[in-house]
Amino acid sequence: VTMPDVEAESSTQPEAMEEEEPLFSNLDLFLFTLIAGLIIYWFMSRKKAEPIPEFKKLDQPAPSTRETSFIEKMKKTGRNIVVFYGSQTGTGEEFANRLSKDAQRYGMKGMAADPEEYVMCELSRLAEIDNSLAIFCMATYGEGDPTDNAQDFYDWLQESDLELNGVNYTVFALGNKTYEHYNAMGAYVDKRLEELGAKRVFDLGMGDDDGNLEEDFVTWREQFWPAMCEHFGVEASGEDSSIRQYELKEHNDINMNKVYTGELGRLKSFETQKPPFDSKNPFLAPVIVNRKLNKAGNRHLMHLEVDITGSKIRYESGDHVAVYPTNDTAIVNKLGQILGVDLDMVISLNNLDEESNKKHPFPCPTTYRTALTHYLDIIHPPRTNVLYELAQYATDPKDQENMRKMASSAPEGKALYQSFVLEDNRNILAILEDLPSLRPPIDHLCELMPRLQARYYSIASSSKVHPNSIHICAVLVEYTTKTGRLTKGVATTWLKNKLVADNGHKSTVPMYIRKSQFRLPFKASNPVIMVGPGTGIAPFMGFIQERGWLKEQGKEVGETVLYFGCRHKNEDYLYQEELEEAEKTGVITKLNVAFSRDQEQKVYVQHLLRTNKEDLWRQIHTDNAHIYICGDARNMARDVQTAFYEIAEELGGMTRTQATDYIKKLMTKGRYSQDVWS
């Protein structure tokens, strides 16, 4: 029905009203109203049901085509092992892929699965499949939290009372001992599944990234598979040869508009940007400030500001900005040279398993150059499985033997991997340079390399003061390895080179926001104690700006105390002018700075905390202060926490156990927050 029909209908109305008999006129009116009402109702309901083309992503499968039942998928494809992963930086996913690939060597069939893509309450149906097993590779993120992709699964586990009788499972946890809540997520999943009636068929594996995560995983895996063979009564096929997951397709005459050039989700999303912006659809934010923060010294500390005008991006002080860096072109070119490849060849790597949700290891079709620049991590020392898979291409039997040895759990092999790869910090290029007989096909290399991950930075601004820009504070990572090679941090080198105007072009940074729990107190009148040496100052620049803004609004703002530390006052006192100005105007009530190397005895932030113990204890114990720690997790955060224990012991008259409990209670109440990294 088109609108003119309705108009034609109503044009007969005056005639009907001129009729002598009112009955007809009323009937006409009634019928007209009824018909018009029906037409409008039909028209409106039809409109509502129409899909809105704006949101239909053409390059992604329609939701209905994606199988959300992992049980149905396992049945359809004859699989008996499912490996779920909770992964923030890609390692958990990598381990899950390795385990699902392993299954093949034991005459079983496995699939790696992202819990975000499946209905997890189906876990109770796993027993419908003979000899079935669920493996969980679970990383812990932040303060004992689940990774983003495992958040829904975690929520479900907490709320569910589903019976999981007959479900076989095991868990490998990925974490870092320097953090307060070491492997909390893996341990929780392991315990909770048992509580729900599932059967643990192999002990919880604990991976420590502060030590050697790869070795922890390899050791666990080497004990896990023989135990599984015994449990299921199967034998290893002995087939330890490399199993390819993807096949190469070269595109000789392809329309270049169909080729990915660094986008993460939708093709051409960097040319036509559409909100909302997230990890699959980052916003290209122009760099409007890039300045060196330190006055002297051999390090490079920098302050960047990116413009988010018109992006609809919202952020709060304490949030993280995630940026997607690119690899150094010199390293990419050297890889192309050493492998004798045309890097501009357009290729696709297509999954040999047609049922897999993951059709390609990275967006395809693309060029080798784009893959090595935007999509693959070529800087981190490769994991043992990469060496194992590439060993077959070494023409020197000694090289081949050593590469295979490094991937085994034999003490000699572990020691060789530790020294040759980890301690010497050899990336894939260094390994190829030092093993001249190893020249693998580049497509197999690209299949095995992990994905280049986003880097997170604590935002150094407040959206109340800077609604249209985000500030980043970072230090350039650069060091010489034992083999004499200069290694540069991927993201910080890339950020340093983001000049405000590059040949008339604006430099841009692909970014999105990751919400955090690191928040100023709800009541502005609560005192705030901030401890952030070095670039740990970042979120506190946002906090200080916000407390200043609240004061301007006439709010009652509590004490705002900062403990900052650096090496030398005349070298790396970051944001000195801003901080001293904030103290002068009373936004910072007390500015405490430790210059660790300006005197004979080193002085750190924890020493200043002890000096001010009376004030601190009053602020914490009497005035309800909130404590915030940002920076290095390995030493600083630990030493600062110890200083707080000691203050609680001395001024609160507590034993060490009571003091520890006291600080832990503050953490539970959200009054002791940490934003730390190692």
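Cβ atoms are placed via backbone N, Cα and C, with glycine included.
Residues or ranges marked as region 'Disordered' by TrEMBL: 1-20.
The transmembrane segment annotation in TrEMBL covers 23-44.
Residues or ranges marked as domain 'Flavodoxin-like' in TrEMBL: 81-225.
Per TrEMBL, the feature FMN binding site maps to 87-92, 139-142, 174-183, Asp209. The number of other CB atoms found within 10 A of the CB of Gly90 (FMN binding site), across every protein chain shown, is 16.
Looking only at the domain 'FAD-binding FR-type' (280-521), the predicted model's pLDDT averages out at 96. What TrEMBL records for 280-521 is domain 'FAD-binding FR-type'.
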**Fill in**
With the fewest other Cβ atoms within 10 Å, the residue among the binding-site residues Tyr179, Tyr182 is Tyr182
**Asked** Using DSSP, how many residues of the domain 'Flavodoxin-like' (81-225) fall into helix, strand and coil, respectively?
**Response** 64 helix, 35 strand, 46 coil
